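Record features, source TrEMBL:
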- 59, 61, 103, 105: Fe cation binding site (BINDING)
- 17-120: domain 'Pirin N-terminal' (DOMAIN)
- 159-246: domain 'Quercetin 2,3-dioxygenase C-terminal cupin' (DOMAIN)
């Protein structure tokens, strides 16, 4: 078993233009660190702040599973396969970029937009491009771990049902929770698995071993023989909003 705490102050802060402030958990864009390229199949985790009436213009992706979790504000998505929609807090969008897809991500509202964008390496290249989304309510994640993403291999086909847990092309699971002050939740990291956790808002303690403050992260690796039980306790004063990205051991 191993845990590595990543304080928010250690994240690379990128401000390439007037409307964008990003925090990179791994090498991305102008930030290159050969010792910090990825964690298992997790290739990118960016915490983005986008000012009103601005955003990412049309650009392309390929051969990546892209998952976006909206924290605050409204995110408007348009893409080359005909999708156009606006999503708010707690909602998610995902793309299998596959052989190629172009899209834009804009803040057309009057409030600051914050979202986490997560890139997962697919289990194979050359997939057909696909887009989907889910509109979740706070009750879906309130004081519980909401399972929001999993592997297509859990299903009989590769067709997304459009509701429930989101399927992607990788052995990876994502959970989110918005816990009240002092609430304790149990999470078991199976043997030969690993997880990356981010405290999105508030504060959180992990099995009384690691204290996560606002925007902190932690890498967790289970052993090869036994499962790793974890206790996730939201701060007694401010609670915690957090995300867990769980995957096979690299």
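Please read every residue number as a count from 1 along the shown chain.
Backbone N, Cα and C atoms are what each Cβ position is placed from, and that goes for glycine too.
Curation does not apply to TrEMBL; its annotations are automatic.
Everything TrEMBL records as a feature, shown here on the structure.
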residue : record                 : contacts (Cβ under 8 Å, 6+ apart)
59      : Fe cation binding site : 102, 103, 104
61      : Fe cation binding site : 95, 97, 100, 101, 102, 103
105     : Fe cation binding site : 50, 55, 56, 68, 75, 76, 77
For the domain 'Quercetin 2,3-dioxygenase C-terminal cupin' (159-246), the number of residues DSSP places in helix, strand and coil: 0 helix, 54 strand, 34 coil
DSSP residue counts for the domain 'Pirin N-terminal' (17-120), split into helix, strand and coil: 0 helix, 63 strand, 41 coil
Neighbour tally for residue 103 (Fe cation binding site), based on other Cβ positions within 10 Å of its Cβ: 23
Fe cation site, defined by 59, 61, 103, 105: further same-chain residues with Cβ within 8 Å of the Cβ centre: 56, 58, 60, 66, 79, 95, 101, 102, 104
